[in-house]
Amino acid sequence: MAGFARATASTPMSPAAAGPPLLTGERLVVFLFAARVALAAPAHLAAPLAILVAAALAVELAVDGSAPLRRFRTRPGASSGILLGATTLPSVMLSRLIQLSRLLPTDPNGPKEFAYLEMQYWAASISCLSVLALFLWHLRKSPSNGISKHLEYGSLLIVLYLMTFFLSFLLKTDGGLMVMTSMVYMLCHGVAGVILIKHILEKFPSCSSFGEALLVSSGLILYFGDMLAHTLSKMEFSVSSKAFIRTPRTRSDMTAIIQGILLVLFLLPLLYKSSLQVWYSCRMKGKQQTQAAEEHTRKRIGSAVFYISLLVVLMFLLPSWTHLVQGLKVHPFVWILNYMFTDSHERLALCAYWICVIYVSVRRFYSISKQSKTERILLRKYYHLVAVLIFSPAVIFQPAFLDLAFGAAFAVFLVLEMIRIWEIYPLGHLVHQFMNAFTDHRDSEILIVSHFSLLLGCALPKWMSSGLNDRPLAPFAGILSLGIGDTMASMIGYKYGVLRWSKTGKKTIEGTAAGITSMLAACSILVSLLASSGYILSQNWLSLLIAVTLSGLLEAYTAQLDNAFIPLVFYSLLCL
């Protein structure tokens, strides 16, 4: 920075030379990814994606070329990642739309599924666009930032996108109240996305980049927006429920249970904090204690309130929601037990296999982590290989049961992270000590995201492939990209890498080549296994080569959380 300041003072520089580079490796890969998806989509859906990508690029250039948004503290060492964060989820939804359009003739519920998924595509895009508008507003409001050309281009592109959005819905032949309520519903996604990303960046400082926070906020809003739509569609006593939104009626009991568990666990912090405040105001009023005694009392009371709140949401709130939305007559936990012991031999054997693999790997790797000679990056990649061992057999032989297992594992991770953050007695310190053995520079004391990103990276492609799917490799997108490609790229690059992609980065060409080659080899083996298991294969090998190559290049160039982005990008390309 000092050298840059001296150069500026001594010789005048043109605006182009002074600004950030227009094209970087990550941006080029994102452009190729978005172009691959857009070229396979209808024009009326591809054009909004192209406008969104251009707007995201303008905002990223404006953020990178000026003083950072000082109100928000992002993860140190990471680029803004706005282009990748704003492009990923809409591209995934558009790829899923393209895939579903091929399957419409084979399913009587296809048109309803397509219409609903198209609305989700628009909702995800509006959520990302609203966050881009938030960043532009903060940049314009900052006194240290002038009105640069990137701000102007970004503002114009956002306006153009909104015009395209309104025209595409106003020109629908089945207009009326249904279209208007759908538009309001999608615009609410934008408002909620702005509120949520501000909350994430303010409550969890230095835990994520702008792009990572954008992906998380838009994904959560889309997921819980889907839950809200299904809930309102089931409320027959509501006058406006029939005109609100048409949700497909093909959702399984298992999907509803998984969503219900995640819903009540995300509501748990609200109930816990509220109950804690009420308890303190009633219990501690007028009592004087020493500081040590007060701290001890707070921890014990806080722990008791947490466990009671957890019991309330799981035992009472969860069955109430599943009964309302899905009409379940039994408690979800009873349904899960009945499901596990139906066709029990294979599922129970799979559970026993998982327990053995997890026990052996955790015990072994935790003892290795205490040895300073072992590099942390290699230790973390061993867990990627463990994910392959755990999830691959289940995807082939028990795919529906794996959906439930992913939901249960994510729920356990959420509860454990809450226990760690709030230091809930007696597990808080033990969980923190164990988790801290596997952290890296992308984790912080506030929030440890590595285990979440690995689990969700494997789970999301499998969850999104449930139902209609003509690409048998798509459910394996997370396992292949993280368990095979990312692991081999890191290990080979670390041990044998010499040629680096950039002067400042650590990723090597040898590692990337190893990752791409290993993924292609794993896909070849997996195709043979799937064919022998009765799957009808329709994957084009040229399309597969493009998907593997772009995913490998993204792993090489991105400074974002690769566990979160690479599986979604790979899944999106596999769907085409």
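Quick reminder: no glycine exception, Cβ is built from N, Cα and C everywhere.
Where the annotation comes from TrEMBL, it is an automatic prediction and has not been curated.
Values in this document were obtained by computation on a predicted structure and should not be read as measured data.
Per TrEMBL, the feature transmembrane segment maps to 28-59 (among others). Within the chain, the transmembrane segment (28-59) has long-range Cβ neighbours (under 8 A, six or more residues past its boundaries) at 82-87, 90-91, 94-95, 97-98, 118, 121-122, 125, 128-129, 132, 135-136, 150-151, 153-154, 157-158, 160-161, 164-165, 168, 546, 550, 553-554, 557-558, 569, 572-573, 576.
The transmembrane segment annotation in TrEMBL covers 80-99 (among others). Within the chain carrying the transmembrane segment (80-99), a Cβ under 8 angstroms from the stretch's Cβ atoms is held by residues 26-27, 30, 33-34, 37-38, 40-41, 45-46, 49, 52-53, 55-57, 59-60, 63-64, 74, 114, 117-118, 120-121, 124-125, 128-129, 131-132, 135, 209-215, 218-219, 222, 464, 468-471, 474, 558-560, 565, 568-569, 571-573, 575-576, all 6 or more beyond its ends.
Proximity of distant same-chain residues to the transmembrane segment (119-139), defined by a Cβ-Cβ separation under 8 Å and at least 6 residues beyond the stretch ends, is recorded for 45, 48-49, 52, 55-56, 59, 62-63, 66, 69, 71, 82, 85-86, 89-90, 93-94, 97, 145, 151, 154-155, 158, 161-162, 165, 182, 185-187, 189-194, 197-198, 210, 214, 217-218, 221-222, 225-226, 245. Residues or ranges marked as transmembrane segment in TrEMBL: 119-139 (among others).
Look at TrEMBL and you will find 151-171 (among others) tagged as transmembrane segment.
The transmembrane segment annotation in TrEMBL covers 177-201 (among others).
Residues or ranges marked as transmembrane segment in TrEMBL: 213-232 (among others). Using a Cβ-Cβ cut-off under 8 Å and counting only residues 6 or more beyond its ends in the same chain, the transmembrane segment (213-232) has close neighbours at 74, 81-82, 85-86, 88-89, 120, 123-124, 127-128, 131, 185, 188-189, 192-193, 196-197, 200-201, 238, 241, 244-245, 247, 251, 256, 259, 262-263, 266, 321, 324-325, 564-565.
Annotation source TrEMBL lists transmembrane segment at 256-280 (among others). If you look at the transmembrane segment (256-280), the same-chain residues 6 or more away from its ends with a CB under 8 A from one of its CBs are 223-224, 226-227, 230, 298, 301-302, 305-306, 308-310, 312-314, 317-318, 321-322, 325-326, 328, 332, 335-336, 403-404, 406-408, 410-411, 414-415, 418, 422.
Residues 231, 234-235, 256-257, 260-261, 263-265, 267-268, 271-272, 275-276, 279-280, 283, 331-333, 415, 418-419, 422, 424-426 of the same chain lie 6+ residues outside the transmembrane segment (301-324) yet bring a C-beta within less than 8 angstroms of a C-beta in it. According to TrEMBL, the feature transmembrane segment maps to 301-324 (among others).
The transmembrane segment annotation in TrEMBL covers 344-362 (among others).
Taking Cβ pairs closer than 8 Å, the transmembrane segment (382-400) reaches residues 254, 346-347, 350, 353-354, 357-358, 361, 365, 438, 454, 458, 462, 466, 475-476, 479, 482-484, 486-487, 529-530, 533 in its own chain, all 6 or more past its ends. What TrEMBL lists as transmembrane segment is 382-400 (among others).
The annotation transmembrane segment is assigned in TrEMBL to 476-494 (among others).
Counting same-chain residues at least six beyond the ends of the transmembrane segment (514-535), those with a Cβ under 8 angstroms from any Cβ of the stretch are 396-397, 472-473, 476, 480-481, 484-486, 488-489, 491-493, 544-545, 548-549, 551-552, 555. Under the heading transmembrane segment, TrEMBL lists 514-535 (among others).
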Next on the checklist: Which residues of the chain, 6 or more past the ends of the transmembrane segment (151-171), have a CB below 8 A from one of its CBs?
Outcome noted: 44, 47-48, 51-52, 54-55, 58-59, 62, 122, 125-126, 129, 132-133, 136, 139-140, 145, 179, 182-183
